[in-house]
Amino acid sequence: QAPIKATCEDLSCKTGFPEDVHSAVVSRSIHGGQPLLNVRFRSCDGNKKIHFGSSEPEDFRVGEDGVVYAERSFQLSAEPTEFVVSAQDKETQEEWQMRVKLTPEPAFKGAPQKDQKKIEDIVFPWQQYKHSSPLKRQKRDWVIPPINLPENSRGPFPQELVRIRSDRDKSLSLRYSVTGPGADQPPTGIFIINPISGQLSVTKPLDREQIASFHLRAHAVDVNGNQVENPIDIVINVIDMNDNRPEFLHQVWNGTVPEGSKPGTYVMTVTAIDADDPNAQNGMLRYRILSQAPSSPSPNMFTINNETGDIITVAAGLDREKVQQYTLIIQATDMEGNPTYGLSNTATAVITVTDVNDNPPEFTAMTFYGEVPENRVDVIVANLTVTDKDQPHTPAWNAMYRMTGGDPTGRFTIVTDPNSNDGLVTVVKPIDFETNRMFVLTVAAENQVPLAKGIQHPPQSTATVSITVIDVNESPYFVPNPKLIRQEEGLLAGSMLTTFTAQDPDRFMQQTSLRYSKLSDPANWLKIDPVNGQITTTAVLDRESIYVQNNMYNATFLASDNGIPPMSGTGTLQIYLLDINDNAPQVNPKEATTCETLQPNAINITAVDPDIDPNAGPFAFELPDTPASIKRNWTIGRISGDHAQLSLRIRFLEAGIYDVPIVITDSGNPHASSTSVLKVKVCQCDINGDCTDVDRIVGAGLGTGAIIAILLCIIILLILVLMFVVWMKRRDKERQAKQLLIDPEDDVRDNILKYDEEGGGEEDQDYDLSQLQQPDTVEPDAIKPVGIRRLDERPIHAEPQYPVRSAAPHPGDIGDFINEGLKAADNDPTAPPYDSLLVFDYEGSGSTAGSLSSLNSSSSGGEQDYDYLNDWGPRFKKLADMYGGGDD
């Protein structure tokens, strides 16, 4: 590669190529994507956007930076290769052209091997110093072609590339240096330069996949560091080597294709990438299918586009029911698929054959059978089964059933079981055995989606369903139900009212006659004959009864057969009661209040009659002739058909309560009348007509209801008081009984603390029980049998002599009683050792001291408070009464 020299004869700026013909020397073997040279284009306006083009675009491409690249790999002929490089302004569409001539570098005969390789010199262009006359011309900068360096070079390193020098090195001592990425910028140290000789070298193998090119700048300075030459740019392109295998984006590719697809149907695309230069053969991939499994119905069901990786079908016969999945081994090879020099890799393509509706459902039998009891609904009577070779639980497999005949009234429906795909024939309307004993249905089954085009099978399958109806015992039914009759009220008991019978729908069963009974009769007015259903009255029918609503009385009856199982039906009898004039009108309200004076004293009353028209109003109101004081004191006048007004006839009537009888007659035929007593309270009134002596009137005019209410309250209060007293006494008794049951030693309040107790301990249990006897009844020790004395008796010693107490003789059987109890206790093996009597000294038969009651205390004790004895329990109640009662 020889430097290309260009000159400019004019100092003025001119946009365009610096020369018309650009010559360059390149290697004879050219690889695709290899940079060849730089074309220099001068733009006086730096904002112009220039687009470069080539007259031979299939062989050469010009980059935006002016670097010419080879589009393909080829060998240069011995003759120079020429083409035209064009530059076009994108805005003004102005165009410039330059012819480029490429000359292959000559072969050096007899040249030594790598160590004798010629090193190219790059010379700095000569320029005028700043102090020289600016009118002198200077040479244009060198256009340095790129340096092509293969990647993965084995060395030896450092490997010399070019030598940079200045033609001023003859007169000056110069120092050379390079800057830029790969030299003094990261990654540093890849390129070095000898500062004296200007020799540029590479120190390690390069990797195009990491950095495809390096842009360096060479500098020449004198020993003082002053710049001697303008820096020149050096481009080092890393030539790609085929050192990377293709890599698939996925190791397993998944695709789908419908069954029955025609040849040429697109299936999927597989993609592989190569880290090598994609514009060179090293990165150009080609695809092919290595194997197909399974190989049925053809070993070549699919093909692949060797450049794009698109997989398509090439044969017909895809059938999911036979082969559901295909597995392809795909190979990608670089070097445009060259099996000798290219590197390859493989991946797996899994193609699933998707289902289409190419198989209709088929019934497993031509006729299905079922049975159903009559009058039953929502019962599955038959199970229709079908087979479908399509993929389960898809629209092409799901079956839909419909009835095409045999059910004109719509008593059946068919529901699809989503799990088994069976058709469930279900009864939706009751069936009467006496009307229809058998049904023969025609059903059809088809898929949710129509069959695929070109399928020769019929789209649906048909079958018949034979359903037998089973006769069951049905409930009798009353005709009509409900039954309405009209009857005047007042019909006497024992009268025949009507006949209410039922019918049995089971005409083909051997059953006896029906039996009737009463189910509901709120007023208990009716009874029914169990055999013939004749209904008679048991009480008088009363329209005014609380059980009659809107003149209608309802009773329900039951009809039962003797079938298996027995069945029964109910019927309702509705009696519309016609009114008769059997109720006399009454006055309302029963009590009223008026003033003593004549004005104002009107009382409005209303007549109330339980009957209805025409046995009710209008009513006639009048006062009786007796007693005579009624008409003398009162007068009555009718206001309307139901209302009248009672008022005083005299000017003044003394305050009090008066019973005013009023005779009311209705309009019935015959008439019914009654005398109603209106209790009128006459009181003193103020000017507004309000009573002023309310207390007196109220006290004197308490009604019967008020008196009864007061008495009931008094009785309830007395009962509550009595119950409270009884409860208090019972609680006191329970408290006393509970205290008697308490162990005295556990009750602290009932325990008296004893001090200076004489005897009672174990060491004191050595006394002679015989001392409890009277002195004259104690038998001598000499005549006491041996062995009778207890071991815990006190040794015999002389008894002290006490003065004989003058007292009446007393029996001596107390000592015998105690001795017998002692012997029984001694002979009882279960008695504990401490269960023995405590023996004390006998103090003699008499005492010099008198009675304790003769002792006189120095203080009368009257000031002592003994009320605390009440807190010690019932045992000290007596002492509390004696000493704690106060002065009395």
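Backbone N, Cα and C atoms are what each Cβ position is placed from, and that goes for glycine too.
Model confidence over the domain 'Cadherin' (141-248) stands at 89, taken as the mean pLDDT rounded to a whole number. Residues or ranges marked as domain 'Cadherin' by TrEMBL: 141-248 (among others).
The feature domain 'Cadherin' is assigned by TrEMBL to 249-363 (among others).
Look at TrEMBL and you will find 364-478 (among others) tagged as domain 'Cadherin'.
Helix first, then strand, then coil: DSSP counts for the domain 'Cadherin' (479-587) stand at 0 helix, 48 strand, 61 coil. What TrEMBL records for 479-587 (among others) is domain 'Cadherin'.
Residues or ranges marked as domain 'Cadherin' by TrEMBL: 586-692 (among others).
The feature transmembrane segment is assigned by TrEMBL to 706-728. Long-range contacts of the transmembrane segment (706-728) within its own chain (CB-CB distance under 8 A, at least 6 residues past either end) are absent; none are counted.
According to TrEMBL, the feature compositional bias 'Low complexity' maps to 845-862.
Annotation source TrEMBL lists region 'Disordered' at 845-866.
DSSP places the residues of the domain 'Cadherin' (141-248) in helix, strand and coil in these numbers: 0 helix, 49 strand, 59 coil. Across the domain 'Cadherin' (249-363), the DSSP tally of helix, strand and coil residues reads 6 helix, 50 strand, 59 coil.
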